[in-house]
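A short worksheet on the structure shown next.
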Protein chains: 2
Amino acid sequence: MSVTAPLGFRAAGIAAGIKAGGSRDLALVVNDGPNRAAAGVFTANRVKAAPVLWSQQVLRGGRLRAVVLNSGGANACTGPEGFQDTHATAEKVAEVIEDSAGEIAVCSTGLIGERLPMDDLLPGVEVAAAQLSRDGGLAAADAIRTTDTVSKISFKRGEGYMVGGMAKGAGMLAPGLATMLSVITTDADLTAEELDAVLRRATAQTFERLDTDGCMSTNDTVLLMSSGASGIKPDIAEFEQKVTEVCADLARQLLVDAEGASKAIAIEVVGAASEDDAVKVGRSVARSNLLKCAIHGEDPNWGRVLAAVGTTDAEFEPDRLNVAINGIWICRAGAVGDDRDKVDMRPRDVTITVDLSAGPHTATVHTTDLTADYVHENSAYSS
Amino acid sequence: MSVTAPLGFRAAGIAAGIKAGGSRDLALVVNDGPNRAAAGVFTANRVKAAPVLWSQQVLRGGRLRAVVLNSGGANACTGPEGFQDTHATAEKVAEVIEDSAGEIAVCSTGLIGERLPMDDLLPGVEVAAAQLSRDGGLAAADAIRTTDTVSKISFKRGEGYMVGGMAKGAGMLAPGLATMLSVITTDADLTAEELDAVLRRATAQTFERLDTDGCMSTNDTVLLMSSGASGIKPDIAEFEQKVTEVCADLARQLLVDAEGASKAIAIEVVGAASEDDAVKVGRSVARSNLLKCAIHGEDPNWGRVLAAVGTTDAEFEPDRLNVAINGIWICRAGAVGDDRDKVDMRPRDVTITVDLSAGPHTATVHTTDLTADYVHENSAYSS
């Protein structure tokens, strides 16, 4: 199902020879309309890959006919030549589907600092176009995998319409800066402005709360495309909920596929003076290498949680902080609480609850533990 | 030599029984004057250990007669009772050296969230006071070790005066949030205001540019004490240089003792629009887990350097960034530069030079690689 669950979309995923080994590495998703409104959110990294620069420019028009995605190379830090490669890829798609390159987005993922093998990629576009079909969603999701062990797909049904999606990214634990790419489609009928507002809110609650090692990719891209083929103009609140559910489902799939990780950690911040404060504290805890090592060792080390909270400017008093791990409040009022031996650290899922005692707001940030496998995988990659 | 290299100081380091195993765990440094001006810099973590809260309060007076330091327990997140323990420790020192507790600083290092064994610590203060001597600097430096494999000491001679120091901290790779404690002494004659200004500038250039895993301790403390026993009022610029040299020497010792690390990485940022920008970029690169894994694998992965630079708000244009690793400019103008095979990654010392092409300012931040040993040590600690 994936991106072809909604009406009006065809997709394909093929092996163009970009990756050594012959596995799928090129995906194409085409919107047959009647609508082609679209929106995108991109990495906040100031060092942006050529396809990000290109797609940002395309999305200014608020319309997308198609998106072409490749694994096997990020096309980042490749200079003006790399940008020309992206441009040529969009032009090639335009040629074979007889449309305008100005409404074709490009996404790439893989190693930074290497040019793409255009002699393989451009012919691959023709092959992909020839294979476009209403059943192509799974092949497309397969073709964007890098170190992902499984394809990530999702779909939800709204009142008379569908929302579908695919994503790649093996947590941040995958090498190559763990680019996260996602394409979400719908046959509901919306304007570019509506899609943009919904996508920003949905990703802020989902993908942006996944923080496995604090490293930010040069290539992260999430696209939302509307074909309008259902003829339904949805209730916006319901539509936002469906898109958020698809994003949350995909984000969860990224988290559990994080290679090298043995724990999925939810940092649930409660009692915050604002949602911003809650996210800030959650992110700080999620980025503590020392805490992530402790969780790996099944050690409910609440001192490392407090130390991470203390590095933020969120509203709190140190002597009013409470911390629970897997439901046991082992830190109360900034000091020792319940018996730490009561905490069962064995399950793969670990929930750390931080109560700031400063207000009614909450947020949850998701991360993984830090393991020797993470080090191994990320030290043995491009050498 | 250490803290007793300058005239006017006596020190001792003894085994009080705070640590299991009988090694030294309590140090005392006493300033016999005639001056007792002093200054301190403390962790910016808002969750501060009891001894930090106490010593900050003491230092407001700008005078220190003595400092008592213990390993074997951080006395952090221990509530009002923990603060009373610190207070009682200062009172005990005051009693045995017949002075005021209001001029006695306290430092602690070890596990967070556990009360100190006061029944061992307080009698230990008496033993330490009885052993105070002009030769006690080395024993004191030994007594503040936690996972440090060696004592860290330094001293420099100025025009008619000395600056001496000791420190503990095994990089951030040591468990327990890698508290960094340091006491620096001088027999030059300075006011508290002069010491404060010098210490802030010296630590900003040295200890604060050591960033091995981005985690900030609840207990970090650096104290500077002046006895005035040499009778020399030093040239301030020269004095600042000597203090900076002692701090840099100690910081380097912390870096090379970083357990679990196999590389010492200097991130040298040049061409920055301001020193702040240079530090910000250096710190961001130093905190990239992916880069630190790559260096561990002897992979000159400049893409991960650029990705880390791109997360900052420093002044730069992505297509004007240059990166050298060990002197080879493998990234030029934001894209591939010289042949990466020319980079010799075998030495323990690795220098990463980032040229922002945005101005004349520079700064160097020091870090270590990320290794499976780091994970092992920090996951197996308090469990």
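Cβ coordinates come from backbone N, Cα and C, glycine included.
Taken from TrEMBL as is:
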type     : residues                                                   : note
ACT_SITE : B:Thr179                                                   : active site, nucleophile
BINDING  : B:Thr146, B:Lys168, B:Thr179, B:Glu259, B:Asn378, B:Ser383 : substrate binding site
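Here the recorded positions are B:Lys168, B:Thr179, B:Asn378, and the ones sitting under 8 angstroms from chain A, going by CB atoms, are B:Asn378.
In terms of Cα distance, the binding-site residues that sit within 10 Å of B:Thr179 (active site, nucleophile) are B:Thr146, B:Lys168, chosen from B:Thr146, B:Lys168, B:Asn378. Residue environment of B:Thr146 (substrate binding site) contains 22 other Cβ atoms, counted within 10 Å of its Cβ in all protein chains. Listed recorded positions: B:Thr179, B:Asn378; maximum Cβ neighbour count within 10 Å falls on B:Asn378. For B:Lys168 (substrate binding site), the Cβ neighbour count at a 10 Å cut-off comes to 30, with all displayed protein chains included.
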